[in-house]
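The structure under discussion appears below in the form of structure tokens.
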Amino acid sequence: MSTSADTDTIKKPILAVPEPALADTHSEEISRSGEEHESENNEHSDEEGDNYSEREQSVSTEPLDTLPLRKKLKNLSYITFSAIGIGLLWPWNCILSASQYFKHDIFKDTSIWAKIFTSSMMSFSTISSMLFNIYLAKRQYKYSRRVINGLVWEIIVFTVMCFFTILHFLLPKWFNFMFIMVLVVISSMGTAMTQNGIMAIANVFGSEYSQGVMVGQAVAGVLPSLVLFALAFIENSSVSTTGGILLYFFTTTLVVTICVVMFSVSKISRKVNENWNVEDGHITDVLLGSLRSNEEEIRIVGRIDQMEDEDHRRTNGTRDDNDEGEELQLKVPFEVLFAKLKYLVLSIFTTFVVTLVFPVFASATYVTGLPLSNAQYIPLIFTLWNLGDLYGRVIADWPMFRDQKFTPRKTFIYSLLRVAAIPLFLMFTAITSSSSGDEEHNGSVIVDLCYMLLQFLFGVTNGHVISMSFMKVPEQLDNDDEKEAAGGFTNIFVSTGLALGSIISYVFVFIIDFIIR
């Protein structure tokens, strides 16, 4: 942490934040004198008094990382981070879980569009997300705005999807396929934008808030799959299927809208607010709400003074706020972040590469002995995997996994061991393929139960590794600049892992097709 600011700068700190409470003040210019600063505080004292009780509800008097989950859920900020986590993954899981509807109702099962839909959807989603995450990671500012903008994009996409569900029969299959892929790309970019912003903020707030986002994502995986599992027992008519999927997409729009409202109500954007105010060449950096020591405040002031000097040396001419912010925002080099986070980001990358084979196997491994149809069994498998994922993310908060002895290197080794599940998936696919067309289900119930247990454990390890990796990120970093930048940096490895995993899934599509034949 830099302490290069001179003594004159020390007398004019940006933040008047008594530890350990979070500040909830208005932005103030660095050059304002002490008397003007005091006058400004008095002017807004009434407003702060009105919001005092609300802030107390958001910030627990006990350290949040020491509380059990049921007590964390009484904390408004934690609930908001968890809700944003739900809003992050719900759209993705909605499209993924509805893949059977797209393949059967829109592309009629046997067409080329039906065969390549799942892998194409994952590839379009993950590659566009990876590219957009790289773009966002190089622009380390305006995180709060990204959260809202990304959620709004999701609302637009699924509103359009509702109309598409009603009108798709009027259009040719190739157009439907390309139109869905466009919506998938926009949705993935919205998710990337929101995740980039919320993880940057969560890293500053603390690892327990990162875990809140992770738990929310797992909840978003469980609920849509439960809905589809229930819909599978409804009479399989075109009307009921269309009505159920329409309700499914509308529910997604509603969930994301609730996330926007909660983020606004909790005022997290005011507690951690990054603004670059440019007036007559003067720059003010407003960083509100995180717990900062005097040394941290000095570092911020020194950074801004240095930027002001550089600005005066530049050629004259005005730029808009966005260009100025991008030009002046201090970048944390990726090399610095990778040196500190290499095992954690590689754990994230490896986990998602391996996990992306799961949807391919889940859609191609059929029931053999249980009294269920494949249309009911496949949603059940998705549900079990997502329940395991949720359980894995919850237990990541156990003290034994948060202990310093459970190092990032051990987490990386843990992620590599998950590869052992792939041969087991191939084995079950080979066993059940002979019963895929047998309506009497003369196979073994034990085979079905063992496969269900495997999928559950595979989900547990996914959620466990991912949640532990994200929770350990803030612990490896030295200051808030690195923690904010790490939000975008880790997302690059998320999207890259998903992209590579989706490409590898194409290989397994052909392997499974060969096994079934």
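The backbone N, Cα and C atoms fix where each Cβ goes, glycine too.
Bear in mind that TrEMBL entries carry predicted annotations, made automatically and left uncurated.
Database features, via TrEMBL:
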type     : residues : note
COMPBIAS : 25-44    : compositional bias 'Basic and acidic residues'
REGION   : 1-63     : region 'Disordered'
TRANSMEM : 76-92    : transmembrane segment
TRANSMEM : 112-136  : transmembrane segment
TRANSMEM : 148-171  : transmembrane segment
TRANSMEM : 177-201  : transmembrane segment
TRANSMEM : 213-234  : transmembrane segment
TRANSMEM : 246-265  : transmembrane segment
TRANSMEM : 343-362  : transmembrane segment
TRANSMEM : 374-391  : transmembrane segment
TRANSMEM : 412-431  : transmembrane segment
TRANSMEM : 451-471  : transmembrane segment
TRANSMEM : 492-516  : transmembrane segment
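Counting residues 6+ beyond its ends, the transmembrane segment (374-391) has Cβ neighbours under 8 Å at 93, 96-97, 100, 215, 218-219, 221-222, 225-226, 228-229, 231-233, 236, 358, 362-363, 365-367, 436, 448, 451-452, 455-460, 462-463 in the same chain. Stretch with the most C-beta contacts under 8 angstroms to the transmembrane segment (177-201), considering only 76-92, 246-265, 412-431, 451-471, 492-516: 76-92. Here the transmembrane segment (76-92) lies next to the transmembrane segment (148-171) in space: the count of CB pairs under 8 Å, restricted to residues six or more apart, reaches at least 3. Long-range contacts of the transmembrane segment (492-516) within the same chain: residues 115-116, 118-119, 122-123, 125-127, 129-130, 132-134, 137, 192, 195, 345-346, 348-357, 359-361, 364, 426, 429-430, 433, 436, each at least 6 residues beyond the stretch ends and with a Cβ under 8 Å from a Cβ of the stretch.
451-471 is the stretch from 112-136, 148-171, 246-265, 451-471 with the greatest number of Cβ pairs below 8 Å to the transmembrane segment (343-362). Sequence-remote contacts of a segment are chain residues at least 6 beyond its ends whose Cβ falls under 8 Å from one of its Cβ atoms, and for the transmembrane segment (412-431) they are 343-344, 346-348, 350-351, 354-355, 357, 361, 364-365, 368, 447, 450-451, 454, 457-458, 461-462, 464-465, 469, 511-512, 515-516. The listed stretches are 112-136, 148-171, 213-234, 451-471; of these, 148-171 has the most Cβ pairs under 8 Å to the transmembrane segment (246-265). Contact between the transmembrane segment (213-234) and the transmembrane segment (148-171) is not supported, since fewer than 3 Cβ pairs fall under 8 Å when only residues 6 or more apart in sequence are counted. Sequence-distant contacts of the transmembrane segment (451-471), counting only residues of its own chain at least 6 positions beyond either end whose CB sits under 8 Å from a CB of the stretch, comprise 199, 207-208, 210-211, 213-215, 218, 344-345, 347-348, 351-352, 355, 358, 362, 365, 380-381, 384-393, 395-397, 401-402, 406, 408, 411, 414-415, 418, 421, 424-425, 428, 432, 490.
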